[in-house]
Structure formats: C-alpha cells, structure tokens
Amino acid sequence: MLPIFVGTSVVGVGQTYTVIPLMPAIARDWGIALSATTWLATGFSLSFAIGFLFAGPAADRYGPRKVILVGLLGAAFSTLLVTFAQSLPAAVAFRCLQGVTVAAIGPTATAYLAEHADPRRRPVALGAMSSSGLAAAVVMQVAAQALAPAGWRAIFVASSAVMLLLFAAVLIRLRADTAERANTMTTALLSVPRLLARPRLLALYAATSTLLGSLVIVYT
C-alpha cells in the first residue's frame, strides 16, 4: 500500500516542477519569452493549492479511496492534455486543470493512511508520504531532463501513463472506505474554518509555510 502512495506523491507533486527544466525548450517551440513560460508553473501551483482546500472535505464526504481514484484518473487525463497544447494560454489552462486534479490525491492519501494503516506503522507511513513529496522536486526534474531529447511533451506522456498504472494499483489493492462520512459536501467544507481557529494548528501551519516556502523559492 505504501509504495503506491509514495508513487502517487512523487508523480503528482512532481508535476509542479517538471516544467522548470523544460521552459527554454517550450519558449523556443512557441517563439515566446522565457519569462512567459513561468505561468506554466504558477498556474499549476495556484490551482493545486486551491484544490487542496476541497480535496480533504471531498474525502470526508465520499471516502478517500473514491477521491484518490477520481483524482488519479483526472490527473492522467489532464496531464496528457498538456501535450496537445499548441500555445501558452492553452497549456496554462491545461496545467490549471492538472493542478486541481492532482490536488485530489495527496490529502486523500493521507486520510486513507490515517484510517487504514496499522497505528504502529502510521508515523512511518505519513513520514514517507511527506518525504516523497519533497523528493519529487528533484526526481521529476531529473526525469523531465532525461526525457527532454524526445521533446518537452515526453515527460507528460510518461507521467500520464504512470498515473494510469497507479490508478489500477489503487483499484486493486486499496480496501474500500469504511468510516462514517459527512452527510453533505457543505457539511464537510464547513469543518475547514474550524481547523483554522485552533492555536496549536496555526503554529504548525506557520512552521510548514516557512519550510515549504523556502523550497518554492529555490525552484522559482
């Protein structure tokens, strides 16, 4: 189970960074300024962050396994769509869609582990998930550079194929959701503001923002 989630984290979160080493090639392909290609990273990141706000409540309402499956299938489709873009605006639109769908994977995988993982192994499992998300910043850029001779679109084709394999693995290996669910999506969404009112959690949010913010600055 854990290798599946580590794989989804690396491939999913790594989509944030795949375009970074490919920006010069994309700029040459479309005859645009190199600075304009940064919207491919910005569009994905903003949509990814917004999607996170809805992924957790969706898992509470429908169950993490179902949301992971929908997220992986949607991510595979939206990632492949990027390869069909013939202009920067189209690519940014597809990257935004990609960000929303990929966002459905990470938080729900964490929720699934919290619900199904052996309590004795849960800290290790959650730690592996967090570490793989950070490692994705390097792994997926290296993968993008390795596939660059085949064209900048190659990494998106490969990522889409891996996501489909992970979808099949989740479908086969993950147990069905069993915990009690929120009655409506609205009920699940209304629980989010309450989390922002807990002082201890606010301290954790601040610490996480500092850590991840430093990572984003390095790769921006």
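Placed from the backbone N, Cα and C atoms, the Cβ positions cover glycine too.
Annotations in TrEMBL come from automatic prediction, not curation.
The domain 'Major facilitator superfamily (MFS) profile' annotation in TrEMBL covers 1-220. According to TrEMBL, the feature transmembrane segment maps to 30-55, 67-86, 92-113, 125-144, 150-172, 201-219.
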Ranked by Cβ pairs within a distance under 8 Å of the transmembrane segment (92-113), the first of 30-55, 67-86, 125-144, 150-172 is 30-55
The mean pLDDT across the domain 'Major facilitator superfamily (MFS) profile' (1-220) is 87
Per the Cβ filter (under 8 Å) with a sequence gap of at least 6 from its ends, the transmembrane segment (125-144) is approached by 2, 5-6, 9-22, 106, 109-110, 113-114, 117, 152, 155, 158-159, 215, 219
Lying 6 or more residues past either end of the transmembrane segment (67-86) yet within Cβ distance under 8 Å of it, the residues of that chain are 8, 12, 15, 55, 58-59, 94-95, 97-98, 100-105, 108-109, 112, 153, 156-157, 159-161, 163-164, 166-167, 170-171, 174
